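Features as listed in TrEMBL:
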BINDING   Asn13, Asn64, Gly74, Asn75, Asn180, Glu198, Arg199, Gly209, Thr210  substrate binding site
ACT_SITE  Cys73  active site, proton donor
ACT_SITE  Cys208  active site, proton acceptor
Amino acid sequence: MQIHFTKLSGAGNDFIVIDNRNQSVHLSTAQINAMCTRRTGIGADGLILIEPSQRFDFSMNYYNADGLPGSMCGNGGRCAVYFAHSTGVPSADQGRYSFEANGNRYEAEITGHETVRLHMLDPEDFRNAVAIEGFSCHYVNTGSPHVVIYIDNRKLEDLDVYGFGKAIRLRSDVFPEGTNVNFLEITAPDSISLRTFERGVEDETLACGTGAVAAALMSFRLGKVSSSTVKVNVRSGDTLEVAFSEDLNSVTLTGPAKIIYRGIAEVQNDGL
Ligand SMILES: N[C@H](CCC[C@H](N)C(=O)O)C(=O)O
């Protein structure tokens, strides 16, 4: 079957977005995984179905590249809203969208050329400094589970993010549901550099929105940054901005969301 899709990039975190408002597209785990696989498929960190919602402008159904439903994707949410805006999905409020994802309500607005600000959930379940695989691991759930690790004596650039990230992600004794793993360096009182190993992609990605939020909130909480607006420099070279109140609520994530191309995929019954 043929499926119309749009490829978007949210600060280098890339997604296949499908307008499924008529609910004609039904994809299996294997089909989503095949579409997201690089070289043999379209290639993406995740796939998003834009579907109807009873209460909001649309519903975002997010799948990781492994084909399984993911938890909240911050960059995916920003891309979904940019897609909706550029495709003419109606919104109740001009330039502003409300949508549901993982049973939660989100709001976002277009703040400039190819720029989207997404309002995030309040963070939950902060855990400080658990020793895992030789690292001091801080933890917080920002819609997705995130470990935050400060790289004090090493260079972020040279770090084996894949190896260390995977080892921590696989520690099911500590994280029965798995976790995303973020490694960061504080570069100024209001900025950090971040690299993320993502669960469900099972690799380092070029950016991770809920990871940027976790890194910024944790850094403020631990007194490592002093500003409640934090610039997060990600692997793609882009910058995400995370802003929040001093009690770590009212969190927003702002950054680039771009359409790369639109296409038609030939999807086989058992994969691409
Ligand atoms: N890239 C995403 C995170 C996806 C979450 C996924 N990796 C999971 O743990 O289910 C973001 O921008 O927030």
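Backbone N, Cα and C define each Cβ position, glycine as well.
Mapped onto this structure are the features recorded in TrEMBL.
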| residue | record | Cβ contacts under 8 Å, 6 or more apart |
| --- | --- | --- |
| Asn13 | substrate binding site | Asp45, Gly46, Cys73, Asn75, Gly76, Cys79, Thr205, Leu206, Ala207, Cys208, Gly209 |
| Gly74 | substrate binding site | Leu118, Met120, Thr142, Gly143, Ser144, Cys208, Gly209, Thr210, Gly211, Ala212, Val213, Leu253 |
| Asn180 | substrate binding site | Ser144, Pro145, His146, Val147, Arg169, Thr196, Phe197, Glu198, Arg199, Cys208, Thr210, Gly211 |
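The candidate set comprises the active-site residues Cys73, Cys208. Of these, Cys208 has the most other Cβ atoms within 10 Å. Taking the centroid of the Cβ atoms of Asn13, Asn64, Gly74, Asn75, Asn180, Glu198, Arg199, Gly209, Thr210 as the substrate site, the other same-chain residues with Cβ within 8 Å of it are Asp45, Gly46, Gly70, Cys73, Gly76, Ser144, Thr196, Val201, Thr205, Cys208, Gly211.
In this structure, the binding-site residues under consideration are Arg199, Thr210, and the one with the smallest number of other Cβ atoms within 10 Å of its Cβ is Arg199. Residues Asn13, Asn64, Gly74, Asn75, Asn180, Glu198, Arg199, Gly209, Thr210 are the ones the record ties to substrate, and the longest Cα gap between any two of them is 15 Å.
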